[in-house]
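Enquirer: Per TrEMBL, the features are:
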- 1-75: domain 'Thioredoxin-like fold' (DOMAIN)
- Cys10: active site, nucleophile (ACT_SITE)
- Cys10-Cys13: disulfide bond (DISULFID)
- Cys13: active site, nucleophile (ACT_SITE)
Amino acid sequence: MKLTIYGSGCAKCQTLAKNAEAAAQSLDLEYDLEKVTDTNSIIDARIMRTPALMADDKILVEGKVPTPDEIRLMLS
């Protein structure tokens with residue numbers, strides 16, 4: 001599974017990345033984590049609010065930082 005974090009690299013973006021990793025690890029998923037900070041790439045991905053989390057090609061969350069448990073439910 002490919003997990004992508006979209007954002008500027010701010011504290012919320014970093015927290016979202018940590019929470020996404022924790023959720024994926026708790027589910028024993030094989031995953032790659034990518035962090036996208038380029039504004040044009042964020043726009044191309046149709047992300048309207050950051051931070052955002054995408055799993056493969058599906059946007060799971062935009063504009064907020066869910067807990068690891070909330071992300072785990074989204075991934076399962």
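Note: Cβ is positioned from N, Cα and C throughout, glycine not excepted.
Just so you know, TrEMBL annotations never went through curation; they're auto-generated.
Owing to the predicted nature of the structure, the values given are computational and were not obtained by experimental measurement.
Map the listed features onto the structure and describe their local environment.
Expert: Under DSSP, Cys10 (active site, nucleophile) is assigned to coil, being neither helix nor strand in the three-state scheme. With a 10 A radius on its CB, Cys10 (active site, nucleophile) counts 12 other CB atoms from all the protein chains.
Long-range Cβ neighbours of Cys13 (disulfide bond) (same chain, at least 6 residues apart, Cβ-Cβ under 8 Å): Ile5, Tyr6, Gly7, Lys35, Thr37, Thr50, Pro51.
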Enquirer: Of the residues in the domain 'Thioredoxin-like fold' (1-75), how many are helix, strand and coil by DSSP?
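Expert: Grouping H, G, I as helix and E, B as strand yields 30 helix, 19 strand, 26 coil.
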